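S.K.: Pasting the feature list from TrEMBL:
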- C:67-270: domain 'ABC transmembrane type-1' (DOMAIN)
- C:12-36: transmembrane segment (TRANSMEM)
- C:63-92: transmembrane segment (TRANSMEM)
- C:104-124: transmembrane segment (TRANSMEM)
- C:144-167: transmembrane segment (TRANSMEM)
- C:188-210: transmembrane segment (TRANSMEM)
- C:256-273: transmembrane segment (TRANSMEM)
Amino acid sequence: MKNREVIRERILFILLLILALLYLFPMLLVLMNSFKGRFYISDTPFALPTAETFAGIKNYFSGIEKTGFLPAFGYSLFITVFSVGTIVLFTSMTAWCITRVKSKFSSFLYYLLVFSMIVPFQMVMFTMSKMANICHLDNPVGIIVLYLGFGAGLSVFIFSGFIKGIPHEIEEAAVIDGCGPIQTFFLVVLPILKPICITVAILNTMWIWNDYLLPYLVIGNNYKTIPIAVQYLQGGYGSRDMGAMMAMLVLAILPIIIFYLSLQKYIIKGVVAGAVKG
Amino acid sequence: MSKRSMSLIGILAVLVMVLSAFIPSAPAKADGGELYFLNFKPEQAPVYTKIGDAYKAETGVTLKVVTAASGTYEQTLKSEIAKADAPVLFQINGPVGYQSWKGYCADLKDTDLYKHLSDKSMAVTSGDGVYGIPYVVEAYGIIYNNAIMTKYFALDGAKAKSMDEVKNFATLKAVVEDMTAKKDKLGIKGVFSSTSLKPGEDWRWQTHLANIPVFYEWRDNKVDIASDATKEIKFQYADNFKNIFDLYLNNSVTSPKLLGSKSVDDSMAEFALGQSAMVQNGNWAWDQIAGVDGNTVKAEDVKFLPIYTGMPGEEKQSISVGTENFFAINSKASAEKQKMAADFIYWLYSTPKGKAFVTNDLKFIAPFDTFAENEKPTNPLAKEVMRYMADTNLYNVAWNFVKFPNQTFKDNFGAALLKYAQGNMKWDDVKTLVVEQWKKESAR
Amino acid sequence: MQKMPKKYYVFFTLPTLLAFVIAFFIPFLAGIYLSFTEFRTVTDASWVGFNNYILAFTDDQNFINALIFTIKFAIVSVVLINVFAFFLAYLLTRSIPGTNIFRTIFFMPNLIGGIILGYIWQLLINGILINFGVDITFDASYGFWGLVVLMNWQMVGYMMIIYIAGIQSISNELIEAAKIDGANAWQILKSIIVPMVMPAVTICTFLTVANSFKLFDQNLALTAGAPDRASAMLALDIFTTFYGRIGSEGVGQAKAVMFFMIVAAIVLIQLRLTRSREVES
């Protein structure tokens with residue numbers, strides 16, 4: 001009996017191992033091809049580099065040059081970090097306020113924000129980019145406002161769900177101690193919200209870092225984020241350098257993998273919490 | 001505070017520091033003001049940056065160049081022109097483009113550049129007004145590698161002795177098919193480069209090649225191309241299109257079923273690497289050919305052949321010379337900005353410095369009398385274009401594709417050609433689709 | 001904190017509210033209005049009533065085709081993703097060495113952006129198809145299955161994590177008790193685990209349906225609708241209608257409004273089903 005279970009475990013382990021390798025295969029394939037010459041990629045992607053086809057890291061140089069990868073990385077990082085920071089700060093404030101202050105306006109606002117979650121982006125893509133232009137938000141700083149507005153729904157929803165579960169007594173004690181609403185929120189409530197802040201931050205990071213259409217329409221002509229740079233490499237310049245493409249895919253994946261491996265525990269927890277609440 | 005949150009704060013602090021190095025700086029406003037140019041030619045984007053630097057050094061005016069990705073110019077122009085800071089200098093692709101953008105095209109009749117246009121009939125006009133000034137003359141045909149052709153002509157039983165004998169479709173077909181049969185001896189993978197049919201990469205067929213039957217149809221029916229008679233076509237020379245298109249497909253480096261992933265760049269690379277002997281494209285492709293690593297094609301071997309389709313009398317047909325690039329100035333911009341734009345294009349096409357950029361960097365054949373004979377580009381394809389233009393025995397196939405309905409028509413036609421190449425659509429259905437789509441999209 | 005002076009209320013809500021109004025609320029209302037007009041830019045709109053909605057169906061077949069393609073895609077991927085995800089979650093909650101590493105690997109693709117995923121899979125799929133002398137643009141069904149595989153690769157890890165959380169919340173005593181009663185692994189799976197993770201099933205179905213319907217980046221990068229827009233899903237069809245041709249912006253906006261209504265309807269049905277199930281249990 002014991003023996004049979006061990007064998008079954010081994011079989012399952014091997015099965016999982018094969019699956020895991022299959023899972024990693026596409027990424028490894030891109031990595032391998034990024035070292036091959038541009039003409040040896042599309043037709044024979046599975047062939048290992050040989051002396052003839054090996055291109056070293058030349059693709060990385062041509063890709064970085066053609067796409068302007070370094071500024072793209074800078075824009076992506078800037079927009080993601082500051083948008084996420086802004087979203088966490090302002091939506092937690094809003095969520096706390098409209099959860100605690102019961103009024104018709106509060107619940108109207110709450111439902112309006114939740115409603116925005118189900119609206120597909122295509123519905124507002126044209127009018128939003130026009131609005132962004134009128135308000136001079138079509139630059140890497142202004143786009144933060146758009147992300148705050150478009151990301152508010154989900155974030156307020158998650159924060160509200162959590163805040164409802166916090167006992168009122170803690171805040172009341174703070175008020176008795178002489179705290180105004182601002183102190184109460186920043187000194188008492190926000191520390192309690194820390195785990196959920198991480199959840200909200202992670203969900204928004206995953207969305208904003210990878211977002212393509214919104215930045216493409218709003219700032220894409222002047223400021224290319226990483227997804228826009230990759231797409232531009234495919235369609236733009238009347239040319240399609242597969243080598244540079246592979247190298248750019250590797251460079252685009254790398255930061256997110258590092259981010260994931262270093263904050264893995266928070267990310268998985270955050271995703272579960274976000275999904276269960278959402 | 002726990003150790004974990006400390007480390008999290010640490011990471012954040014590092015991030016913020018890294019970021020501060022990347023913070024995008026707002027484009028500096030120069031003293032001479034800023035001129036926004038929406039560029040059509042992606043391959044020229046780096047050149048315009050250089051031109052911008054030179055122009056700024058000379059006049060203090062900052063040239064803001066934005067370049068649309070290939071196939072997205074209209075889409076980009078549409079979103080940009082609606083903005084507060086709209087392009088002042090942009091381009092239209094001829095009379096059809098003018099119809100779309102006439103609300104934004106200023107009258108250029110009194111500009112200095114127009115006065116120097118060698119052939120005034122080339123401009124886009126309406127009534128008394130001039131709304132588009134052509135800024136480059138281009139030509140397309142079948143580019144061939146003379147080294148491979150010479151090798152072929154030397155073989156026993158070659159169907160011709162030199163390119164001078166290839167003056168019509170029948171000879172071309174015989175030569176090409178014989179070359180395919182002997183491709184191992186010639187060291188090529190196929191006679192023609194891949195017929196790129198990836199969406200957005202199919203303009204060589206749905207626009208340039210399609211121009212030829214349309215040109216003959218309008219010529220033979222005496223259609224006034226300025227009239228509404230162009231809103232419908234019969235596509236009566238569809239079979240001529242099919243002649244050459246089939247020849248491209250069946251004697252190619254790539255199997256017809258794989259063409260949906262091929263881009264223009266792929267085909268030019270095949271030609272540059274000597275894998276193919278011929279490729280249909282225009283003189284603008286020279287840089288693409290020359291820029292490929294491992295290029296085996298010598299400059300003196302690169303020549304042009306007219307695109308023969310089996311039309312009677314085509315022995316006298318030339319390569320197809322024309323333009324689809326016209327400068328337009330945004331009439332909704334302030335008078336001051338409009339003048340800046342007119343000054344800039346005049347500077348570019350009349351001063352020695354500007355002309356040097358046009359000839360040496362942009363490699364344009366410029367249609368202005370400000371250019372002397374020795375100021376014309378010297379790359380092999382440009383020379384070929386000038387050789388054909390000088391040959392008065394030949395008749396030109398005008399660029400009537402500027403009258404093609406719109407991008408949607410071209411995209412649908414291109415998609416149908418892909419299906420035809422893959423064997424998923426019959427030629428008669430392609431023909432019907434062209435006629436119907438033409439009518440439908442023209443009616444918009 | 002039941003009552004708060006007005007100035008504090010404004011302080012806490014104004015930044016979000018302002019951004020929300022600019023980025024969402026005004027564009028949303030303007031979008032509905034523009035769907036009844038013909039326009040190139042926002043300022044030159046002229047009222048055309050329901051004309052755009054009619055044109056969306058009559059002008060060409062693209063919208064209907066995209067709708068059918070999307071529905072088929074959503075059904076197939078929802079089923080496959082959930083089956084695989086549950087299967088993996090079930091394996092990874094058993095005592096097998098290295099479960100954490102496996103979890104890490106399976107979740108990883110979820111973090112990669114849609115555009116990049118699309119190109120990774122384009123390379124892989126075309127690399128396989130070239131052996132059969134075709135490529136992904138040859139037939140819309142290649143694009144369809146390509147997208148299904150891609151979507152599975154991306155979403156299975158995510159859903160797996162949620163199922164794992166669901167399975168782990170089942171008390172050990174319950175399973176131990178069943179084992180003592182002589183239940184085998186299959187019986188435990190069928191009678192205890194599956195019923196107990198039903199809430200997770202609801203969540204996962206919801207997330208996969210929503211994501212399948214709104215899929216855009218992956219579609220754009222993998223096939224861009226080729227051949228002849230036959231593999232374009234709703235979001236991509238709307239985008240191409242909008243930006244592909246001058247003069248059909250109104251039709252694109254009308255399609256977007258219908259797209260919104262379809263998504264909203266699905267969400268409402270989903271919520272109602274969830275609620276009725278909660279009442280039963």
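Cβ atoms are placed via backbone N, Cα and C, with glycine included.
Note: TrEMBL annotation is automatic and uncurated.
Describe the structural context of these features.
M.R.: Outside the transmembrane segment (C:12-36) by six or more residues, the chain places 4, 42, 45, 47-50, 52-53, 249-250, 253-254, 256-257 with a CB less than 8 A from a CB of the stretch.
Non-local neighbours of the transmembrane segment (C:144-167) in the same chain are 69, 72-73, 76-77, 80-82, 84-86, 88-90, 92-93, 103, 106-110, 112, 117-118, 121-122, 125, 136, 193, 196-197, 199-200, 203-204, 207-208, 211-212, 215, 218-219, 222-223, 231, 233; each lies 6+ residues outside the stretch with a CB under 8 Å from one of its CB atoms.
Among residues of the same chain six or more beyond the transmembrane segment (C:188-210), those with a C-beta under 8 A of the stretch's C-beta atoms are 74, 77-78, 81-82, 85-86, 90, 155, 158-159, 162-163, 165-167, 169-170, 174-175, 178-179, 263, 266-267, 270, 273-274, 277, 281.
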S.K.: Checking distant contacts: for the transmembrane segment (C:104-124), what same-chain residues at least six beyond its ends satisfy Cβ-Cβ under 8 A?
M.R.: 88, 136, 146, 149-150, 153-158, 160-161, 215-222
